[in-house]
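Enquirer: Just passing along the structure, written as structure tokens.
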Amino acid sequence: MLNIGYCMSQSKQKRLGWPKFIDYCKENHSIILHELDITQPIKLEVKLDGILQKITDELFKEDELSKKKLSNFLNYVNENPETVVIGDIEKLKVFRSRHEINETIKPKVEEIENAFVPPSVVATSCIEAEELISKDETINYPVICKPVSAGGSSKTHEIYIIGNKEGLNELNYFPYLITPYYSHFQTIYKIFINGDSCVSVPRYSLRNIDSNELSGFKTAKLGKGIEIPENMKPNKEIPLQENLKSEQLNVICEKLKTALGVEILGVDVIRCEKDQRLSVIDVNYFPGFIGVQSFYQDLASHLKKKIQNERILKTIKN
């Protein structure tokens with residue numbers, strides 16, 4: 001029997017179907033899950049074998065409540081060093097910055113044949129954005145502009161596709177990470193990494209932007225809760241691209257796990273029409289796993305294996 005604590009938002013639990021996962025773990029894997037209240041010092045009657053956490057919001061935010069929650073969590077972890085933490089806080093700090101994520105994964109992604117992380121610049125103003133784009137030969141319009149900050153506010157999820165320099169005036173949450181917008185067959189590969197499991201789900205993405213229409217294409221705003229603008233909706237009469245080959249998928253997953261030291265990841269990958277190369281355009285911790293039928297089995301297996309492996313390592317060290 002394993003006792004595993006968990007802390008994540010109620011909305012996250014709802015999206016994951018967490019009550020069913022609790023029952024599944026108990027009935028099929030002899031795992032008892034305990035919800036942790038990090039609004040106050042953690043006190044439990046049972047000794048935890050491990051903790052699974054998704055408290056990146058608390059990691060991103062600077063308000064007093066978030067700091068208090070994070071402090072309560074870390075105090076418990078420090079007082080119970082034998083408890084295995086799935087989602088090490090130190091390793092998750094990189095996820096606060098999209099620029100840091102790119103710089104961290106780039107060396108490993110470049111080891112993959114025909115794969116890359118898009119070139120990028122970081123701009124702190126509209127004027128600087130225009131200057132950087134004009135000087136960088138690897139970045140041409142259209143460009144995609146994402147806030148460098150990857151969480152902590154709804155604004156961090158507002159993404160702009162800019163067709164010309166006039167469109168830069170729409171940007172309002174600096175600094176921004178600016179990368180080229182690649183035509184990609186209207187297909188995005190949503191990759192879900194869950195320990196040893198790696199699943200790719202092709203989905204419709206955004207349409208291509210023809211170079212002939214750039215003069216009239218100013219901007220398109222995307223984000224959570226924002227409907228895709230008409231000028232960016234894909235043509236669903238055109239079929240999705242075939243899924244990634246298992247060899248490609250597996251090497252991408254292994255390289256990213258190695259680069260980040262994290263094993264529960266969501267990754268967005270596109271195939272560029274121009275040269276057929278794969279571009280890793282986004283990585284996040286502990287995604288929603290929408291469309292992954294084996295999620296419960298994969299996560300339960302990962303929790304057990306992670307705890308077992310960490311115990312072995314600690315025994316060897318001692």
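Glycine is treated like the rest: Cβ placed from N, Cα and C.
Note: TrEMBL annotation is automatic and uncurated.
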Enquirer: If TrEMBL gives K12, K54, H157, N284, G288 as binding 1D-myo-inositol 1,3,4-trisphosphate, which of K190, K255, K257, K317 does it give for that site as well?
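Expert: Record source TrEMBL; matching candidate: K190.
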Enquirer: According to TrEMBL, R98, S205 bind ATP; identify which of K61, K146, K165, K245 is listed for that same site.
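Expert: It is K146, as the record lists it for that site.
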Enquirer: Looking at the binding-site residues K54, K146, H157, which one has the fewest other Cβ atoms within 10 Å of its own Cβ?
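Expert: Lowest Cβ count within 10 Å among the binding-site residues (K54, K146, H157) is H157.
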Enquirer: Work out the three-state DSSP category of D268 (Mg(2+) 1 binding site).
Expert: strand
Enquirer: What is the biggest Cα to Cα gap, in Å, among R98, K146, S205, the residues listed as binding ATP?
Expert: 20
Enquirer: So for D282 (Mg(2+) 1 binding site), how many other CB atoms are inside 10 Å of its CB?
Expert: 17
Enquirer: Given a 10 Å Cβ-Cβ cut-off, pick out the one of the binding-site residues S205, N284 that has the most other Cβ atoms nearby.
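Expert: Highest number of other Cβ atoms within 10 Å: S205.
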Enquirer: For K190 (1D-myo-inositol 1,3,4-trisphosphate binding site), which residues in the same chain are close in space, meaning a Cβ under 8 Å from its Cβ, but six or more apart along the sequence?
Expert: S200, V201, P202, R203, G266, V267, D268, I290, G291
